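**Q** Let me begin by handing over the structure; questions about it come next.
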Amino acid sequence: MTVEHPALALRGLAKRFDGTIAVAGVDLDVPAGSFYGLLGPNGAGKTTTLSMAVGLLRPDAGAAWVLGHDVWQDPITAKRLLGVMPDGVRLFDRLTGAELLAYNGLLRGMDPAVVDQRAAELLDVLALGDAGRTLVVDYSAGMKKKIGLACALLHGPRVLVLDEPFEAVDPVSAALIRDILTRYAAGGGTVVFSSHVMEVVERLCSHVAILAGGTIKRVGTIDEVRGDRSLEQVFVEVVGGRTATGEELSWLSQ
Amino acid sequence: MALPVSTGANPAAPVRPVSARHFVRLKLRVMGNNFRGQGWRIALFIGGALLGLWFAASGFFLFAAPGLADDGRYAVLVAAAGGGLLVLGWLLLPLVFFGVDETLDPARFALLPLPRRTLVTGLFVAALVSVPVLAVLIATLGLVLTAWSLGGWSAGLVAVVGVLAGLLLCVAASRAVTSAFATMLRSRRVRDLAAVLLAVTAALIGPLQVFGLAALRQADWNRLAGAATVIGWTPFGAPWTAGIDVAQGRVWAAPVKLLITVMALGALLAWWSRSLESAMVGATSGGKAPARRGATGGAVAQLFPRVAGWAGRDRFGALVAREARYWWRDARRRANLITIAVVGIFVPVFINVTGGDFAAMESGGLTAAAGDSSPVVVTISMVLVGVLAAATLANQFGFDGSAYAANVVAGVPGRVELRARMTAFSLYVLPMLAFVAVVLSVLLGRPGWIGLTFGGLVATYGAGLAVNSLVSVLGAYSLPETSNPFAMNSGAGLTKGLLTLLTMIASAVAAVPMVVAAALLGDAWLWLALPVGAAYGLGAALLGAYLAGDVLDRRQPELLATVTPRR
């Protein structure tokens, strides 16, 4: 029914902070059912772009659509279809994991019985059940990512937007998150996530976009973008990184 | 006061000493960068500085009055009482109302190889660079004028030293006390004890006012002068009276008093330096959380505390439940609740009971004191309490910080959001207000006035909720993400003060009909006050949520951006 609409469409999104341009006109089409990786070095504007795409940050220019619904003109419908895990944003961390899930579920207008059942399942699958009555503020970084993911998944969104889901996560938790995301995508959902971990992107994604300096530098299916080279080589070339010559930082050797 | 920094691993490398100068420059730089590109912040800062100067000027003339009048009789009294109040103010006000400027968060220095002494000295000197300190300095220079005109240049010189030492004492006291309380509030084990201590400390303000007024009322200046002499020998009054002592021929007293000041200062700095250590290692100190009872029921059942158990299991209910939990679990919010409780009881008692005949209170107990308290006075005092209680919500979104993103992502309608927040806060505040109403009526010896007091309280509180919900949407500001519930961003203290003042005036104006009714309607009002007040308050609050909710719907992302701390 929404086949004609991309899961997420961005047109000319731009944002300027105090005179510096964070994002300078991003166009992006995320096909429904794809596993989309947004790559970029630190400060490329990934978080700003995703925040504007999900309704957390008002863009200076441009528009965003979720399955054809304008995020800024018709936020209620668009937000209902979205599951979001922002980065660098606190959760309501004076709640326990179960309380936080219940809060988010009811906030989304879900039936309490369904919330109970899904929360229990999510806590179990994400191995957060043992935390019991521990407040989220006392969780480890990996546990916080996992409970954040659970909050984003709880209401069964059609599109999942995750900002740095693998940042500061140990390999065990990362594997778990990867597994859940793969299952979600296989079930017809669309995942968009930002990252700068090449291995994860190469392994998971059907599509990638490379963002640097606030604009999209490369976009397409993963095979189109990397061609016959590795994704890392393409990335470093696009972003314009430098390689150490061995001359500088000589004082580091004792 | 430069101390060499040891590098441990590589002692051969030249190391430049770190001095207090660096801390001051760092603070000025951070303050300057905070202003960059934020015109309204600069305007607020200038406004605050002017306000400070105005207070400083009036303080100056107050302190200089005995000198200008060339009348030495009350010099010690003015110096000891005024100076003592200053120290007390620095000690208590940050805890209860203003918070401390934590431009330089001690935790940020945890990784630097700095000796604790350097750190304490640096932070202390940096704390001296602030508008309030400058204002107090200007005000207390009035004492120097007094000492100089009464006793010549030598007395003036001693007064200068005394005033400077007193100023250091004020700053050290505020830092040490807030830091110690912050440490206690951070540690889960003694957090509740700290809350009680805080309440008791704040409660001290009330009796002190009562005591002070009683003393003034009796107008026995000789006895007051005697008390002032005693205060002059405590750290509260010692620095301020040293110059006057020289002027009045008690030269031997000056060095002793300065010594008292220096010793108090040293003790405070040592205390601060101890609690600073725990502030630096962060929130994880202080033991594990007490074992919570095992989970009972499903996730939804766990979310709802008993106090919000009646709420529906829907969006509104979830918001109420989460807010109700937060008012208790978040140290910053809880400190605010305690403040309301304490102030809510003491302000009306102070206004009404001390408004009566004080001699009667001393001889015949509190109940005899209700002589000249009228329904109008009672209603006005209730307006004050209601306004104060509601003002806590003036930055309700700032408490949440970036966590508010969850509500934005979920697309919560503004009206539901604001109504739920009002409801959750009222779960705590309304019982408190009822308690205040009952206590006050009983103290006044007029139990029949319960309706009058509670009606006035509820009406003002409701009107205050309306005003504050609008302010919380339009005038929100971010709070620093430190574990110190008293910490404020630089400049935010002023924003907070001005906003609070503004909302309190607006809420008080909104409550004027209650006062007018109390004045005009006579005895009939005693019975009408409660139903009319309740209806008025509820109506105002709902109207406020309706109007402000509309604004909130339009600027959710902007609100999120303003309450997100800049990192």
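Here, residue 1 is simply the first one shown, and the rest follow in order.
Cβ atoms are placed via backbone N, Cα and C, with glycine included.
Copied straight from TrEMBL:
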TRANSMEM  B:42-68  transmembrane segment
TRANSMEM  B:74-98  transmembrane segment
TRANSMEM  B:119-144  transmembrane segment
TRANSMEM  B:150-172  transmembrane segment
TRANSMEM  B:193-216  transmembrane segment
TRANSMEM  B:252-272  transmembrane segment
TRANSMEM  B:335-355  transmembrane segment
TRANSMEM  B:375-394  transmembrane segment
TRANSMEM  B:425-444  transmembrane segment
TRANSMEM  B:450-477  transmembrane segment
TRANSMEM  B:498-519  transmembrane segment
TRANSMEM  B:525-548  transmembrane segment
**Q** Can you work out which residues elsewhere in the same chain, 6+ from the ends of the transmembrane segment (B:450-477), have a Cβ less than 8 Å from its Cβ atoms?
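**A** Long-range Cβ neighbours of the transmembrane segment (B:450-477): 348, 375, 378-379, 382-383, 385-387, 389-398, 414, 418, 421-422, 425-426, 429-430, 433-434, 436-438, 440-441, 489, 492, 495-496, 499, 502-504, 506-508, 510-511, 513-515, 518, 525-534, 536-541, 543-545, 547-549, 551-552, 555, 559, 562-563.
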**Q** Have the transmembrane segment (B:150-172) and the transmembrane segment (B:74-98) got at least three CB pairs under 8 Å, pairs 6 or more apart in sequence?
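**A** Contact between the transmembrane segment (B:150-172) and the transmembrane segment (B:74-98): present.
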**Q** Please tell me whether the transmembrane segment (B:42-68) and the transmembrane segment (B:375-394) touch - that is, whether there are at least 3 C-beta pairs under 8 Å between them, with each pair 6 or more apart in sequence.
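**A** Taking Cβ pairs at least 6 residues apart, the transmembrane segment (B:375-394) and the transmembrane segment (B:42-68) are not in contact, as fewer than 3 fall under 8 Å.
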**Q** Who are the chain neighbours of the transmembrane segment (B:525-548) in space, where the CB to CB distance is under 8 Å and they lie at least 6 residues beyond its ends?
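**A** Tertiary neighbours of the transmembrane segment (B:525-548) are 375, 379, 414-415, 418-419, 422, 448-452, 454-463, 465-470, 472-473, 510, 513-514, 517-518.
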**Q** Is it the case that the transmembrane segment (B:498-519) and the transmembrane segment (B:74-98) touch, counting contact as three or more CB pairs under 8 Å in which the residues of each pair are 6 or more positions apart?
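**A** They do not touch: fewer than three Cβ pairs between the two stretches lie under 8 Å.
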**Q** Please report, as numbers and ranges, the same-chain residues at least 6 past the borders of the transmembrane segment (B:74-98) whose CB is under 8 Å from any CB of it.
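**A** Residues 59, 62-63, 65-67, 136, 139-140, 143, 146-147, 150, 166, 169-171, 173-174, 177-178, 181, 198, 201-202, 204-205, 208, 221, 224-225, 228-229, 231-232, 234-237, 239-241, 243-245, 247-248, 339, 342-343, 486, 488, 493, 496-497.
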**Q** Using a Cβ cut-off under 8 Å, which residues of the same chain at least 6 positions beyond either end of the transmembrane segment (B:119-144) come close to it?
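**A** Tertiary neighbours of the transmembrane segment (B:119-144) are 1, 18-20, 22-24, 26-28, 48-49, 52-53, 55-65, 67, 79, 83, 86, 101, 103-104, 106, 109, 156, 159-160, 162-163, 166-168, 170-172, 175, 240, 243-244, 269, 272-273, 276.
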